[in-house]
């Protein structure tokens with residue numbers, strides 16, 4: 001009898017050890033499956049990022065109407081006006097530009113400068129190239145005024161500046177007055193003159209290059225304009241234009257394709273019942289949200305032609321649309337119904353997708369063939385809000 005009891009005790013101990021080992025193996029197997037699943041999710045996230053960067057590069061060039069990446073051999077110093085313009089658009093979301101494309105063309109050559117008494121004439125050569133699919137809205141000639149304080153002061157500081165378009169007809173030079181003004185403030189500053197009419201003629205005639213004559217009349221010999229070709233105070237033509245192509249419609253089509261692609265990626269993840277419990281436990285940490293996705297132009301080899309910004313946060317939408325859908329993810333009615341169906345029968349409907357619901361614009365300053373351009377890219381460049389759809 002004692003032997004039978006002892007045997008039963010040994011058998012119960014062995015059974016408990018075996019049972020605990022089996023449970024431990026089952027737990028290890030579940031943990032292993034969970035780790036493997038997490039690795040697949042991380043690999044999928046990496047593929048999404050690479051896919052996004054590829055899409056972003058193509059879309060970026062298309063928005064700028066560039067057939068390829070500009071091959072710039074040297075950095076160009078942007079004119080001060082272009083720097084200020086970019087900073088205003090980049091820092092103030094409510095600052096709406098009058099044109100979506102602004103280009104600067106620095107004076108190519110000073111053909112001559114002649115001083116006769118109290119009058120000085122400067123003949124300037126500009127080479128302005130604007131794509132045919134853009135419409136010129138306005139053009140400024142910006143001149144930096146120089147007051148020579150070391151020279152004797154005049155009783156009456158008076159200076160007038162007139163700007164002319166130079167036209168040649170049968171070897172005859174004809175001057176057409178474009179703009180002019182009197183300058184009385186004795187400080188070094190930028191003065192802007194309207195030369196829209198002349199540059200439009202250059203553009204429509206497809207010759208691109210044109211000459212502008214600047215005449216300075218002063219009451220004393222203490223005033224001039226900066227014509228240095230070595231720094232960013234040189235004379236510069238600023239062209240404001242609108243892109244008349246179907247860029248905006250095409251951009252929205254691309255965004256819709258991106259949304260569909262994200263939906264397909266989520267939809268391809270078949271809802272498996274044994275994953276559903278683990279996902280539910282992690283719902284609070286993996287809920288639909290906007291996360292950072294920084295694009296550094298140096299990292300992708302674009303810093304030679306992108307002047308500013310050096311990087312920007314495009315953001316992305318990550319996570320899953322778990323029940324209940326809260327107001328902060330602004331769910332559509334269809335997403336709410338789809339989530340309820342998925343909750344009751346995961347095989348019947350996938351979960352709603354976490355996608356961008358609002359996109360914001362950015363301003364970009366870049367150089368192409370030595371020309372500095374500021375472009376305001378509308379509504380398609382970075383995620384502002386995410387939601388369940």
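One is the number of the first residue shown, and numbering goes on along the chain from there.
Just so you know, glycine gets a Cβ as well, placed from its N, Cα and C.
Annotated in Swiss-Prot:
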type	residues	note
SIGNAL	1-20	signal peptide
CARBOHYD	65	N-linked glycosylation site
CARBOHYD	118	N-linked glycosylation site
CARBOHYD	127	N-linked glycosylation site
CARBOHYD	232	N-linked glycosylation site
REGION	263-284	region 'Disordered'
COMPBIAS	263-272	compositional bias 'Polar residues'
COMPBIAS	274-284	compositional bias 'Basic residues'
DISULFID	288-354	disulfide bond
DISULFID	317-386	disulfide bond
DISULFID	321-388	disulfide bond
CARBOHYD	342	N-linked glycosylation site
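Distance from the CA of residue 388 (disulfide bond) to the CA of residue 127 (N-linked glycosylation site) is 51 Å. The disulfide-bonded residues recorded for this entry are 321, 354, 386, and the Cα of 386 lies nearest to that of residue 65 (N-linked glycosylation site).
For residue 288 (disulfide bond), the recorded positions whose C-alpha atoms fall inside a 10 Å radius of its own C-alpha are 321, 388, out of 118, 321, 388. The most crowded of the disulfide-bonded residues listed here (288, 386, 388) is 388, judged by how many other CB atoms sit within 10 Å of its own CB. A distance of 76 Å separates the Cα atom of residue 321 (disulfide bond) from that of residue 118 (N-linked glycosylation site). Minimal Cβ crowding within 10 Å, among the disulfide-bonded residues 317, 321, 354, is found at 317. With respect to their backbone Cα atoms, residue 354 (disulfide bond) and residue 388 (disulfide bond) stand 5 Å from each other.
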